[in-house]
Amino acid sequence: MTKAVNKSNRTNNTNRKTEFWQKLPIHIAILTIAFIWTLPSLGLFISSLRPRGDMLSTGWWTVFWHPLEITQFYLGNYGDVLRSSGMGEAFLNSLTIAVPATVIPIAIATFAAYAFAWMTFPGRQLLFILVVCLLVVPLQTTLIPVLRVYAQLGLAGTFLGVWLAHTAYGLPLGIYLLRNYIGALPKDLIEAAAVDGASHLKIFTKLIVPLSMPAIASFAVFQFLWVWNDLLVALVYLGGTADVAPVTIQLSNLVGSRGQDWYLLTAGAFISMIVPLMVFFGLQRYFVRGILAGSVKS
């Protein structure tokens, strides 16, 4: 009996060692990709903590030659960014833009996704194909035509105009992602609710929305990060004036007309990350589930 147990233990140890060596190349590849992906952010963060003269004379990696030398680190860049004129107002403008530009497309995309998944109407599949095709249309091709329309309607330079623009640009992805998820919900559950006399509105509010929270949260993260980090759309439709300028425009203005204060961008980039990181970590538990379900299920 003892010999059999010892033999089994040796077999298990051998199997574990074999499995370890088989998976070692995969682990090395994953760690290498993670290192390469993280390296630019690490360099940006270290640069944000260095004086301008050091950034001009030496590379950021030189801090590792004397890692315990505290005097080589400098917080003045963050102070300069926070004390710059209009930064507080820019944060409020970014929130004013990002929150409605996230909530509005979520509401519209969820309704549309339910209609594509569970309602029958003429041309449903063709219309959904057209929505998917919009995913590959570059938004840059729409900037000038839409801006001309905005100028005629008086929407240029207003928050409403940029809300509508971000809603239009985000809807194709939202509808595609949510339709795949909602369409994979149990058919028996939807049919049972319909047999009990529930209307489409009641099914949508009582069943679809609660069950689709992972996908909705995933799209919310994508949309919020896109809107918060956007510079081009805000610059075109808002014009860059101080009273409506978001953080991205304010950071670009910090550099100066000739780029002489470029070093402030390192600190400004990390300051602007605070709100998106809070949103991401707040919805993180839904994020992976929503992405996997929306892309794998059919």
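Note: Cβ is positioned from N, Cα and C throughout, glycine not excepted.
Within its own chain, the transmembrane segment (26-46) is flanked in space by residues 60-61, 63, 266, 269-270, which lie at least six positions past its ends and keep a Cβ under 8 Å from the stretch. Sequence annotations record features per position, and here Swiss-Prot assigns transmembrane segment to 26-46 (among others).
Residues or ranges marked as domain 'ABC transmembrane type-1' by Swiss-Prot: 91-283.
Per Swiss-Prot, transmembrane segment is recorded for 97-117 (among others). Sequence-distant neighbours of the transmembrane segment (97-117) (same chain, 6+ residues past either end, Cβ-Cβ under 8 Å): 124, 127-128, 131, 159, 162-163, 166-167, 170-171, 174-175, 177-179, 181-183, 185, 200, 204, 208-209, 212, 216, 219-220, 223-224, 227-228, 234, 246.
Non-local neighbours of the transmembrane segment (126-146) in the same chain are 112, 116, 165, 169, 171-173, 175-176, 179, 232-233, 236-237; each lies 6+ residues outside the stretch with a CB under 8 Å from one of its CB atoms. Swiss-Prot lists 126-146 (among others) with the feature transmembrane segment.
Residues or ranges marked as transmembrane segment in Swiss-Prot: 158-178 (among others).
If you look up Swiss-Prot, you'll see 207-227 (among others) marked as transmembrane segment. Away from its own ends, the transmembrane segment (207-227) comes close to residues 97-98, 101-102, 105-106, 109-110, 114, 118, 166, 170, 173-174, 177-178, 180-182, 185, 189-190, 193, 276, 279-280, 283, 286-287, 289-291, 293-294 of its chain (Cβ-Cβ under 8 Å, at least six residues beyond either end).
Among residues of the same chain six or more beyond the transmembrane segment (231-251), those with a C-beta under 8 A of the stretch's C-beta atoms are 84, 86-87, 89-91, 93-94, 97, 139-140, 143, 146-147, 150, 155-159, 161-162, 165-166, 169, 265, 268-269, 272. Swiss-Prot lists 231-251 (among others) with the feature transmembrane segment, giving sequence analysis as the kind of evidence.
Sequence annotations record features per position, and here Swiss-Prot assigns transmembrane segment to 263-283 (among others). Residues 44-45, 47-48, 52, 55, 77-78, 80-82, 84, 91, 94-95, 217-218, 220-221, 224-225, 228-229, 247-248, 251, 254-255 of the same chain sit 6 or more residues outside the transmembrane segment (263-283) yet have a Cβ under 8 Å from a Cβ within it.
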**Request:** Give residue numbers and ranges for long-range contacts of the transmembrane segment (158-178): same chain, 6 or more residues beyond its ends, CB-CB under 8 A.
**Result:** 96-97, 100-101, 104-106, 108-110, 112-113, 116, 128, 131-132, 134-135, 139, 146, 150, 212, 215-216, 218-219, 222-223, 226-227, 230, 233-234, 237-238, 244, 290, 294-295
